[in-house]
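Residues annotated as domain 'LOB' in TrEMBL: 17-118.
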Amino acid sequence: MGGGGGGVGVGVGGSSTPCAACKLLRRRCAPGCVFAPYFPAEEAQRFAMVHRVFGASNVSKMLQEVAPARRADAVSSLVYEASARVRDPVYGCVAAISSLQHQVSQLQMQLALAHAEILICVQPPPSPPPHGHPPAAVAPQDDQHILLNAHHQLMLQDAYLKQESMWT
Ligand SMILES: [Zn+2]
């Protein structure tokens, strides 16, 4: 049996010192208490926060629906969510999530830009004109641009001609 004695219990065996939940709820901490493994007496604040946001009975239900092996993780996320909600009553942990999502999309954009720059660097320099051809001073992009322009001009011309032909 645990050391008989003082008021200070460093509850490892546990049954003598109520867990933080039972202490706050002023009830007897039964041996199978669902809160005891995750809310030790010395971390009263964690349970207080979770209780404030979710309510002790909801937390108890949630924990019972989760396999024991995953309850510690469930408690960690409940504590995280509760503390975020206490800090930011409007957005809670959504504030963190959306700020991180924003960061992710910014970084994805930067990454895409960096990829594009790498592609430009890796691409062979505009190839020297094959012998025999007149030195084409224009880069391929300019070529394309000129082609597009020419195409545009042709379209305009075509339209113009069609319009004219309506009057003849
Ligand atoms: Zn308890």
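Every residue gets a Cβ built from N, Cα and C, even glycine.
What you are looking at is a predicted structure, and each value in this text was computed from that prediction instead of being measured.
Residue counts of the domain 'LOB' (17-118) by helix, strand and coil are 76 helix, 0 strand, 26 coil (DSSP-based). Taken together, the residues in the domain 'LOB' (17-118) have a mean pLDDT of 96 on the 0 to 100 scale.
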